[in-house]
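These notes are about the structure you will find just below.
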Amino acid sequence: MNPMIFTSLLATIMLGTSIVLTSSHWFLTWLGFEMNMMAIIPVLMKKYNPRSMEAATKYFLTQATASMILVLAIIINLMYSGQWTIMIMENPTASMLITIALVMKLGLAPFHFWVPEVTQGVSLSSGLILLTWQKIAPLSLLYQIFPSINTNLLLIMSLLSIMIGGWGGLNQTQLRKIMAYSSIAHMGWMIAIMIYNPNLSLLNLLIYIMMTSSMFMLLIINSTTSTSSLSRAWNINPIVVSTMMVILLSLGGLPPLTGFMPKWMIIQELTKNSSVMLPSLMAILALLNLFFYMRLTYSTALTMFPTMNNMKLTWQFQSTNIMPMMMSLISMSMLALPLAPSLITLN
């Protein structure tokens, strides 16, 4: 793809998200979503092959359906309230339809089926945009309308997402699908806490984007897309692969890594609101994610294939060429847990 065209598409994606973030009018919000969707489809098809075309088609159909539901909900809300303002949600049917539309855009269960397939069919760089930047606009709209949303519906969807995000990743060997199921589970955590503390949900989103971006950058450096290629990469660049394993454990929420911080704070906040069963179920279901992350780490780092001695010597003199900004991002993805006490105090 021409670099100028690619840059223009990325700028349009950012502009569409910015319109959604700053708008208080339903029409401008819908316009921002449409700009975002139409600009990212060529990005998903950057590597022009049948798999990327299929992935882009699935993404388009899902997002177009969600946009249709969103427009229907906006019209119903306009009929009852006579207002285009986002904060005014007087009709429960419109509120439920908007929730379903945003959940489809986010890829939460039971509307999650497109996320692993689309992520697997696109390149690593496109998958990075899909699983990080594309979550910002729907979550920001949920943040604005959460007082009018059916809380029971959101809690059921969040628990389903955490469970499916764990179960779905158990038998996966493709790293992009593993990251997709990880995204589904993390979205479940964000939606569950948004009802009680929306600001904590935004903090969780920030940490999730930081960890997922670090993981995808390291996958791009190593050009690894499956567990077998990850095992072979250990002989070539063990430092980078070791860092990837630590970030995977951080995504699973293993203390004392960064990923433990949002889960700890969410469970604490839910407990403060006299909810004991919900955080208990969430913590138990999160063990599924941690299990396949630890299994992947074990199979990659601790069970190496027999190799010749000269193969083991190659990585000792190889430079990694990692940018300082990227190193800072990776460090924060692994070592930000000491910030938790101050954040809890502020909260």
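Backbone N, Cα and C define each Cβ position, glycine as well.
Per Swiss-Prot, the feature transmembrane segment maps to 1-21 (among others). A Cβ distance under 8 Å defines the sequence-distant neighbours of the transmembrane segment (1-21), meaning residues of its chain 6+ beyond its ends; these are 28-29, 31-40, 42-43, 46, 129, 133, 136-137, 140-141.
Here the transmembrane segment (25-45) has long-range neighbours at 1, 5-6, 9-10, 12-13, 15-19, 52-53, 55-56, 59-60, 63-64, 67, 70-71, 74, 77-78, 84-86, 105, 118, 121-122, 126, 129-130, 134, 137, 141, meaning same-chain residues at least 6 beyond its ends whose C-beta is under 8 angstroms from one of its own. Annotation source Swiss-Prot lists transmembrane segment at 25-45 (among others).
What Swiss-Prot lists as transmembrane segment is 68-88 (among others). Residues 23-27, 29-30, 33, 94-95, 97-98, 100-102, 104, 141, 144-145 of the same chain lie 6+ residues outside the transmembrane segment (68-88) yet bring a C-beta within less than 8 angstroms of a C-beta in it.
What Swiss-Prot records for 96-116 (among others) is transmembrane segment, and it gives sequence analysis as the kind of evidence.
Under the heading transmembrane segment, Swiss-Prot lists 122-142 (among others), citing sequence analysis as support.
Beyond the ends of the transmembrane segment (145-165), by six or more residues, the same chain brings 86-87, 89, 92, 95-96, 98-99, 103, 108-110, 112, 181-189, 191-192, 194-195, 198, 278, 281-282, 285-286, 288-289 to within a C-beta distance below 8 angstroms of the stretch. According to Swiss-Prot, the feature transmembrane segment maps to 145-165 (among others), an assignment based on sequence analysis.
The transmembrane segment annotation in Swiss-Prot covers 178-198 (among others) and rests on sequence analysis. Residues 106-109, 112, 115-116, 118-120, 127, 131, 135, 139, 142-143, 146, 149, 151, 154-155, 157-162, 164-166, 168-169, 172, 204-205, 208, 212, 215-216, 251, 262-263, 266, 269-270, 273, 275, 278, 282, 286, 289, 292, 296, 347 of the same chain lie 6+ residues outside the transmembrane segment (178-198) yet bring a C-beta within less than 8 angstroms of a C-beta in it.
Residues annotated as transmembrane segment in Swiss-Prot: 201-221 (among others).
The transmembrane segment annotation in Swiss-Prot covers 239-259 (among others), and the record cites sequence analysis as its basis.
Same-chain residues lying 6+ beyond the ends of the transmembrane segment (274-294) with a Cβ under 8 Å from its Cβ atoms: 155, 158-159, 162-163, 165-167, 169-170, 172, 178, 181-182, 185, 188-189, 192, 196, 248-249, 251-254, 263, 266-267. Residues or ranges marked as transmembrane segment in Swiss-Prot (evidence: sequence analysis): 274-294 (among others).
As annotated by Swiss-Prot, transmembrane segment applies to 326-346 (among others).
Residues 33, 58-59, 62-63, 65-67, 69-70, 72-74, 76-77, 89, 134-135, 137-139, 141-142, 145, 149-150, 153-154, 157-158, 160-161, 163-165, 168, 177, 180-181, 183-184, 187-188, 191 of the same chain lie 6 or more positions beyond the ends of the transmembrane segment (96-116) yet place their CB under 8 Å from a CB of it.
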